[in-house]
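Colleague: According to Swiss-Prot, the feature transit peptide maps to 1-21. Taken from Swiss-Prot, the feature active site covers SER153, HIS270, and the record attributes it to similarity to another entry. What Swiss-Prot records for LYS314 is N6-succinyllysine.
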Amino acid sequence: MSVRVARVAWVRGLGASYRRGASSFPVPPPGAQGVAELLRDATGAEEEAPWAATERRMPGQCSVLLFPGQGSQVVGMGRGLLNYPRVRELYAAARRVLGYDLLELSLHGPQETLDRTVHCQPAIFVASLAAVEKLHHLQPSVIENCVAAAGFSVGEFAALVFAGAMEFAEGLYAVKIRAEAMQEASEAVPSGMLSVLGQPQSKFNFACLEAREHCKSLGIENPVCEVSNYLFPDCRVISGHQEALRFLQKNSSKFHFRRTRMLPVSGAFHTRLMEPAVEPLTQALKAVDIKKPLVSVYSNVHAHRYRHPGHIHKLLAQQLVSPVKWEQTMHAIYERKKGRGFPQTFEVGPGRQLGAILKSCNMQAWKSYSAVDVLQTLEHVDLDPQEPPR
């Protein structure tokens, strides 16, 4: 992906939206220097193979952006971003799309309100793209030299906006519908998600089968218990009916699980219990003008790059009921010949969970990882990758 393509991706996906006027974004103040102005001449670029840029530049000159998902939200996120160009305009646009003050909720909470699926997904989406604005302001070469992006669950929408596949307001609208539909589906069935740290001999699929049989013995029809996230070797998230997850916790030693922990989410995301949410999201995506990404974006569903707009339409809806193949995505992005260096990796958005996962998937790639702080007001990119995930 050439530098010019990466530039036009960002201007098309976000910066260009500022020039559309009141329909989506306020017109920027006179003299404001933002992504749109900087990249105004970045048009007409020819597309190349996704990693062609790395053939012409040292790997360390290239960058990869990772966008976090639900669970990374924390009261105060966005505080460290408000002094950067365009960020307040992003939150103003979000208020019009959502119908409530997302910035106020992100900054002041309360946490239990922010944690609701209907609120945290839009909050993470906007904070992540605001973090990109901060990164662009401090290190514009990172945006110019980006060769790939990936997002965890709802983070995939932010990655696609960054890559120019959809406009900010349209992407946020899709996230809003997605979050509302997932919240409603979650409330229909007592369900949840269980983080499981296993061992090489752990029997994840057998454990899920046993848990489903246990639920059937209790009279639960069509019980759900399945792997919903592949995080890193021997670590999975299993989702399903609450009774199934309690069974797994009680019998963790039988399945060689080292540690289990219930996640603070409202339902069994990325399982068939989310099927009621598929149609609302599918209809919402029909209203979104999706374009081919100009920076390679990897799908959660199969850990391969998106190829065309129809691909995106289909897989974003399918993602709701499919496991997130994040471990496989990390291998797809960072696998390379022995002796070849790694790109810089930036986690853009709240938390450092994706950095911790990258460390467990690929230690060498993690050595070039940084997190863009969304909490502090200090004007720097936080380069400490060792803080544990929240």
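Just so it is clear, glycine is given a Cβ too, placed from its N, Cα and C backbone atoms.
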Colleague: Could you work out which of the recorded positions (HIS270, LYS314) has its C-beta surrounded by the smallest number of other C-beta atoms within 10 A?
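Modeller: Per-residue Cβ counts within 10 Å for the recorded positions HIS270, LYS314 bottom out at LYS314.
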Colleague: Excluding near sequence neighbours, so keeping only residues 6 or more apart in the same chain, what lies with its CB under 8 A of SER153 (active site)?
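Modeller: Listed in sequence order, they are GLY69, GLN70, PHE269, HIS270, ASN300, GLN319, VAL324.
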Colleague: On the three-state reduction of DSSP, what should I expect for HIS270 (active site)?
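Modeller: Looking at the DSSP assignment, HIS270 (active site) belongs to neither helix nor strand, so coil.
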